[in-house]
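Just below is one structure, and these are the notes that go with it.
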Amino acid sequence: MTITPPAAEDVENPAADLVVEDPLASVPAKATGALIGYARVSTAGQLLDRQITALQAVGCMRIFSDKKSGKNAEREELWKALDYLHEGDTLVVPSLDRLGRSLQDLISIVAGLRKRGIGFRSLHEALDTTTPGGRLVFHVFAALAEFIRELIVEGTREGLEAARMRGQRLGRPPAMTPEQIRHARDLLTHPGNSVSSIARLLGVSRSTIYKYVPELTTGDRPALTESADRGQLPKRVFDQ
């Protein structure tokens, strides 16, 4: 059975949807198979020796380890370990932070193990999902992760609403400021000035000039002259 790693944005983003139908199911997995260990170092200065020794001490018959560091480093050995595990086996880690980079990541992996009938143990925290107590802890973790997600979503929603109430512009800033648009319209009243030269002068693209000075799409330079004389700007640009 091949395990597909979750996408990066799902692993690192705590506000992403937590998809856990049943974190640990109603009956604990039975530890009838082998103990398989997994160790990981997250910085260049960390060593695997102590982690591996701890895993060997509890009887792990095989140990997978990731030595890469960095936020975006792929955990290749973890996915190999998950692929190697069979029903009845138990995945053992030195501590919870060696398995998951976030609470959501941790719960997703453990839930996936349970669905396959595989147990999970963390030595430092003394957690074991093959026992009722260990299952209870992870149910609490799952509820906490969902609570955090809801807080983030609600906080984001309230922040956006408060910004709208203050009249604050949301989203990306405009590609051209009102001053740049006025300057562009003034320069375009002179027939010798090309759109390309004006775009280079203002540090924007030709398409940006056409977007913010819509009269150019019809080649109506007299209209530009009239608007520039009155100091008017293309209304539809600022209404967006």
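Including glycine, each Cβ sits where the backbone N, Cα and C put it.
The Cβ neighbour count for Ser42 (active site, O-(5'-phospho-DNA)-serine intermediate), using a 10 Å radius and every protein chain shown, is 15. The annotation active site, O-(5'-phospho-DNA)-serine intermediate is assigned in TrEMBL to Ser42.
What TrEMBL lists as domain 'Resolvase/invertase-type recombinase catalytic' is 34-167.
Annotation comment: TrEMBL describes 221-240 as region 'Disordered'.
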Would you report the average pLDDT that the model assigns to the domain 'Resolvase/invertase-type recombinase catalytic' (34-167)?
-> 83
Secondary structure of the domain 'Resolvase/invertase-type recombinase catalytic' (34-167) by DSSP, residue by residue, totals 69 helix, 21 strand, 44 coil
